[in-house]
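Copied from TrEMBL, the annotated features are:
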COMPBIAS  276-313  compositional bias 'Polar residues'
COMPBIAS  314-330  compositional bias 'Low complexity'
REGION    274-340  region 'Disordered'
REPEAT    96-137  repeat 'WD'
REPEAT    137-178  repeat 'WD'
REPEAT    180-221  repeat 'WD'
REPEAT    228-262  repeat 'WD'
REPEAT    354-395  repeat 'WD'
């Protein structure tokens, strides 16, 4: 599989191109799924459920609409099913099999040439969407909660229950960065800004970590710049908005908080002004910029529960020692120095809190203009929020059990 990493100029032009494409999209399609083993297609403006697909093999953990808006990927227990959005055929046009446990995330290359998935089987896999074959396989030491594609289309970022955030370069086929924001605290979600300038990660303690991302000479470097507590309970998902001015965080505390992100405003400080140096019980790995670490007690990991009980799966108690190794294991060379620790926690400005949810909020999706947010909740509902007024303007009712994932065919306006 040949990988071409986009330069920053191409990333910026691509971001503008996708925004323009979304604004001229006349079909406002919202898709939700969850515990009831169904995938529901909604007309986003009217709130009408236009199509329901049964997913008998398992609950659906994640949804993703391809960049060309033609297909929907539904990630279940062991496989990803790909559906034709325009067709009424309830059968998938393609099935990707290869994981041995719950698939936790799915994302597509901008030209839909390849797809990346993460799983509780502790792997991240890259698939050729034309053949269904696995092209890359990266092993974590813990179940993987999330994976996203860098806008340069040549790197992926994954997060696992051992507290690791890893960056893999698909061209060189190796792990280039390993970040451990808090040892033994499951990182539940990661998000990369559309222009590749920021990386955000959230963990089970409700903490958010933000790094600046730089791309020079075809290499990406990171500089940590902010950590704060977004929620007092589990953070289930976080997402940077398309215009990179907002950060949404979903939580077990029944809320979604929307934070103001503006690099030209008071938001992000240089990390050097916020740190002191000290050694960590586990020697950190050094990349071109120092990496942050914070010490917390152990935590349990959270994913939508696949068992018949409401118990959460327990997290492995230790992180295996870091050592030199092959790309397939994600290990990095032994270049290790004392690691900076963020000592002052200052949250981003809180834009609004969305509070009408009755249970855990699992997922969210921004509209293309960043003015609206869709959320899904264990109370069975999907909701469309107008962020300017913090009000629900549509509520989608039809799931018989908790809704845990959502995908939005980029939305450019709403009618009351």
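Positions of Cβ are set from backbone N, Cα and C atoms, glycine also.
Whatever TrEMBL says is automated annotation, not expert-curated.
Ranked by the number of CB pairs under 8 Å to the repeat 'WD' (180-221), the listed stretches 96-137, 228-262, 354-395 are led by 228-262. With DSSP states grouped into helix (H, G, I), strand (E, B) and coil, the repeat 'WD' (354-395) comes out at 0 helix, 23 strand, 19 coil.
Taking H, G and I as helix, E and B as strand and the rest as coil, DSSP gives the repeat 'WD' (96-137) the counts 0 helix, 24 strand, 18 coil. In the repeat 'WD' (228-262), helix, strand and coil residues by DSSP number 0 helix, 19 strand, 16 coil.
Residue counts for the repeat 'WD' (180-221) under DSSP (helix as H, G, I; strand as E, B; rest coil) come to 0 helix, 26 strand, 16 coil.
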